[in-house]
Amino acid sequence: MVNKMEVSTPERKKNRYIPGLDGIRALAVFVVIAYHLNLEGASGGFLGVGVFFVLSGYLITDLLIMEWTNTGQINLRHFWVRRVKRLLPGQILVLIVVAVFILLFNFTRLADLWGDFLASLFYVTNWWFIFNDVGYFSNFGQPSPLLHYWSLAVEEQFYLVWPLIVLLGLRFVHKRKLLILFILIGAFASALGMALLYQTGLMDTSRVYFGTDTRAFALLIGAALALCLPSQMFTGKIVDNRALRIFLDILGAAGLAILSWMVWQTNQYEAFLYRGGMVLQCIAAVSVIAAAVHPSTWISRFLGCKLLRWFGVRSYGIYLWHYPILVLFFPVSGGGNAIVHNIIQIVMILLLASISWRFIEQPIRYGTEGSMWRKIYRPKSTACSTVKK
């Protein structure tokens, strides 16, 4: 492992698409939806959000380090603009659709939800729910259709401050091992805060579950992995190292086994989760990510299959749409066939997420030339004009 952080290299490194990470996204969003559908064997499905946190911490830190390695600097404005283009369009669309639905069909709820809308728009939903004693696991009353926005708030708050911290760390802490140590100390402090704030037998865990400070350890553990195992590491002879491939496959399989067990066997009221269990979950997620980043492992091939990739690239939209569909548009009723009802809900979630991804998220993020909006508004006479790629 390199001890010194390189400022620049002769060869400019490029972002590497890692199919296996989309597979991890797909599995994470599957278990979250299974939990909200109250499916048997998914009592710990809410832990899928923690996997998203670890993955986000890894990817964002990896991108920042790569930019620093290539250019000797980090363009903060460019980073934040990319985050806005990636996340805001889908979020705004869901907020608009939910607001219109409530105005038309459930106007009496508007007075109760206006604060949720504002908090979601400004990425402070998690603290809004904490200050208003809204529990994620509460079984009383109608849940907010925007309850799941709490995790988006945690990630956006992380995206706001983390690039600054990484920039300062890379500039003033020249030993990579020392930088990793500082990050792990931060993760330990966050996990310790969760353990100390949790009270045995506490039914309302909103403070420890929603808090940015008490959930930061997942993001920081992912960030530490990016320093230990950057995505660009797996090139040349390292990829051909058979012993390393076998080790990572074993590590990844063990991580998947632990995550599967936790989704199947744990629930939101277990003290174990808040006193080290979620840290164990993050370590398991890191193990799977490490195996998925290597292009030749069995784990990376499994997670990078076309079916999982299809769901993975749309996982953000699937996550955004799933909760409003479940609690607002197609709420569970007392009668009828539960299996058919769940199938209808899942189909609607996938349909709306696919439409959002194809016509809203991708065009705004990349300026897709084939998008619906460009086809509608581009005059035919401009066919010979220069197109900016």
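The backbone N, Cα and C atoms fix where each Cβ goes, and this holds for glycine too.
Feature annotation from TrEMBL assigns domain 'Acyltransferase 3' to 19-354. Confidence for the domain 'Acyltransferase 3' (19-354), expressed as mean pLDDT, is 94.
Sequence-distant contacts of the transmembrane segment (21-39) (same chain, at least 6 residues past either end, Cβ-Cβ under 8 Å): 45-49, 51-52, 55, 59, 263, 285, 288-289, 292-293, 302-305, 308-313, 315, 318-319, 322-323, 326, 342, 345-346, 349. Per TrEMBL, transmembrane segment is recorded for 21-39 (among others).
Residues annotated as transmembrane segment in TrEMBL: 45-66 (among others).
The annotation transmembrane segment is assigned in TrEMBL to 87-107 (among others).
What TrEMBL lists as transmembrane segment is 157-173 (among others).
Listed as Cβ neighbours of the transmembrane segment (178-196) (distance under 8 Å, sequence separation of 6 or more from its ends, same chain) are residues 5, 169-170, 208, 211, 213-217, 220-221, 223-224, 227-228, 274-276, 278-279. Residues or ranges marked as transmembrane segment in TrEMBL: 178-196 (among others).
TrEMBL lists 216-234 (among others) with the feature transmembrane segment.
With a cut-off of 8 Å between Cβ atoms, the residues of this chain six or more beyond the transmembrane segment (246-264) that come close are 31, 41-45, 47-48, 51, 277, 280-281, 283-288, 290-292, 294, 297-299. Residues annotated as transmembrane segment in TrEMBL: 246-264 (among others).
According to TrEMBL, the feature transmembrane segment maps to 276-295 (among others). Long-range contacts of the transmembrane segment (276-295) within the same chain, counting only residues at least 6 positions beyond its ends with a Cβ under 8 Å from a Cβ of the stretch, are 18, 20-21, 23-24, 47, 50-51, 53-55, 58, 191, 194-195, 217-218, 221-222, 225, 229, 231, 233-234, 239, 244-245, 248-249, 251-256, 258-259, 262, 266, 270, 303-304.
Residues or ranges marked as transmembrane segment in TrEMBL: 316-333 (among others).
Annotation comment: TrEMBL describes 339-360 (among others) as transmembrane segment.
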Positions on the same chain near the transmembrane segment (157-173), where near means CB under 8 A and six or more residues out: 5, 56-57, 60-61, 64-65, 68, 74, 76, 79-80, 83, 123-124, 179, 182, 212, 216, 219, 223
